[in-house]
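Report on the following structure.
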Amino acid sequence: MKPLVTFIFGLTSFFIFVSLFTETVAEKDGVYIVYMGAAPKTKGSLRHDHAQLLSSLLKRNKNALVRSYKNGFSGFAARLSAEEAHSIAQRAGVVSVFPDPVLELHTTRSWDFLNYQTSVVIDSNPNSNSNSTSNDSGAIIGILDTGIWPESESFNDKVMGPIPSRWNGTCAKAQDFNTSNCNKKIIGARSYEDDETSVIKYQSPRDMVGHGTHVASTAAGSEVRGVSYYGLAEGTAKGGSPGSRIAMYRVCSPNNGCRGSSILAAFDDAIADGVDVLSLSLGAPSFFKPQITDDPIALGAFHAVQHGITVVCSAGNDGPDPGTVVNAAPWIVTVAASTIDRAFESDVVLGDNTVIKGEGINFANIQKSPVYPIVYGKSAKKKDADVNDSRNCNTNSLDQELVKGKIVVCENLDKTYANEHMDEVKQLGGIGVVLIDYDSKGMASSFGTFPMSVISSEDGAKICRNPVATILRTTSPTKYTPAPIIAYFSSRGPSTIPKNILKPDIAAPGVNILAAWMGNDTAEAPEGKDPPLYNLISGTSMACPHVSGIAATVKSKNPTWSPSAIRSAIMTTANQINNLKAPITTEKGVAATPYDFGAGEVSPTGPLQPGLVYETTAIDYLNFLCHHGYNITTIKTIANAIPDGFTCPKESSIDLISNINYPSIAITNFNEKEGRKVNRTLTNVAGDGNSVYTVTIDSPANLDVKVVPNKLQFTKNGDKSSYEVSFSAANPLKEDVFGSIAWSNGKYKVRSPFAVSSKRDN
């Protein structure tokens, strides 16, 4: 078992430190998930083979059953021996049996990455009268996370109308949570019991971590004026869809992580409850690559989408390495993280009055004049310490006499959290820390009242010419350029399940995000301050609810649209240009590709009127499973409904996945001699009336791309029209190449990115 991430949870008077672990795939005794595919058509009954298995288990051990799934799909989680699990896997009606995994929240590995702009909009004018509540009140966003802090002002229901009559959910009772904690904003709250082996048991929808509260307010928080993080990033906070309702499903606990069995239970309940959008800011680490039938998020999302629910998930935080994107099943909207146009500057002033623009959040109160001596970690090395340890300012690597009273310059060679460097210097009596770390540019850690700033390696070279410096208190200027930038931690494509689906789908703000927080977190408060009511965090966890909020708004405006139509509208209207009118870049300053940001940066308004959409049908998803290697018997067990006569195509291969009607195109194993052709179909959603769309192709010089026909005509709403794309090349491709195909009628532009690779899909 490998540790994934350590969370620090602030409770009333003490801290609990918890390490999350992913279960290995090795067989052992413990909790297993038995997945049995689609739920029975007759509600309230279990499928016969499901009931038989449960009966045999309960006869053996009445405590064997952990939970049962029966609303959106069939199956259960139970305590089994490895031998029992193997035996059950052979039974009729069983699709898969796998160990109950523990997944991770998709923040950047620690709660000390504190930054933001609340949700899709941060209104810098406190007197703003903007209010979209009345226009988007129909959608219900289900959030699978750590719970919710209902007392936050972001969840007030002052201007909310009646709860939709179609809502079937519940507001759970617990020692610290009552039905009165729900209102017309928080209309549902469920929690899932911790495993009985846990040392500390916690069963309540109340958030004791902060993450779920932050995510919920980002997606659908009510408008709240005058919020800030201790005076920084001040403005009016509101969620992406402030009129939408919130249903919280606490699947992650302070002591037991985010269990797959709980995640599946939440999907099962949410399908029956009647949510419109599901938002999951969690997932497996990139090294853990389960098959679709062993992945609780992929399975739950498949059935949710079949029930008309849009599922939005974070892409993961294992970037910038390629092939690290998770939650990449084609029925999921997968979200990468980008920066916004606000910085948290903690400038370093040198003895020659040179000002270096550093980053970080500190509320230090030291002299503004550069009077403090500078020492490099390497120069302050203990006699018996390793040189690289001292350069990093690692524990027990520095000489206290050489550090005391000085600003210490540390290097983040080990890519550890910035606060770890601060702790060592602080305890040795250092005045402050200047940390050289290029990769974290754009993200500001919180250092409380300790003077600390993070600078680039280029600026680090300037410090050596100066014997003295000071570190200024943080400011938060806006209109920072360039923005957006794809965050270095954001997981990247190509997808590995498989590369023939282009992932991530879209990027959204995930760096320096201010949103609601639990009200008792003294651990996050600077010295002498009350706990923050709004907190700053970074991660694809923060990007995901931006898109969830937009999806909810699109759904409320277009209630008959399918999840794939909503995803298409979000992807085809995305932006690829930053606030300098130049292409969006990665953290290294190079142009971002679809492997970094999918279709681009999400637009909050474009998806409301996309003109045309790509409808990825149930047949497309069934064909995906066929091409992925599943046989028709397994597929018929998995799917809720299969059209009469459907069978897998006689020619079925991974390469044919490129041909499902997805809003982007990904091709692997490309052979320039054979070329490749794919087909796509567009549906008119712009209304009745004659409209002609003309194609524009943006392709690299070493790839020839042709589209036939080059014009599409639509006369009424719902009209469909298809086209074929041919890819060819004169010479072998030496690297993956990218481009786009866009259709426009002068009013709407419908853009689809593509990626072509000569590498064979794994």
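Placement of Cβ uses the backbone N, Cα and C atoms for every residue, glycine included.
Per TrEMBL, active site, charge relay system is recorded for D145 (among others).
The number of other CB atoms found within 10 A of the CB of H211 (active site, charge relay system), across every protein chain shown, is 27. The feature active site, charge relay system is assigned by TrEMBL to H211 (among others).
Annotation comment: TrEMBL describes S541 (among others) as active site, charge relay system.
Under the heading domain 'Inhibitor I9', TrEMBL lists 31-106.
Residues or ranges marked as domain 'Peptidase S8/S53' by TrEMBL: 137-600.
For 373-463, the entry in TrEMBL reads domain 'PA'.
The domain 'Subtilisin-like protease fibronectin type-III' annotation in TrEMBL covers 659-756.
Residues annotated as signal peptide in TrEMBL: 1-26.
Counting only the Cα atoms, the space from S541 (active site, charge relay system) to H211 (active site, charge relay system) is about 9 angstrom. Least crowded of the active-site residues (D145, S541), judged by neighbouring Cβ atoms within 10 Å of its own Cβ: D145. It is 7 Å from the Cα atom of H211 (active site, charge relay system) to that of D145 (active site, charge relay system).
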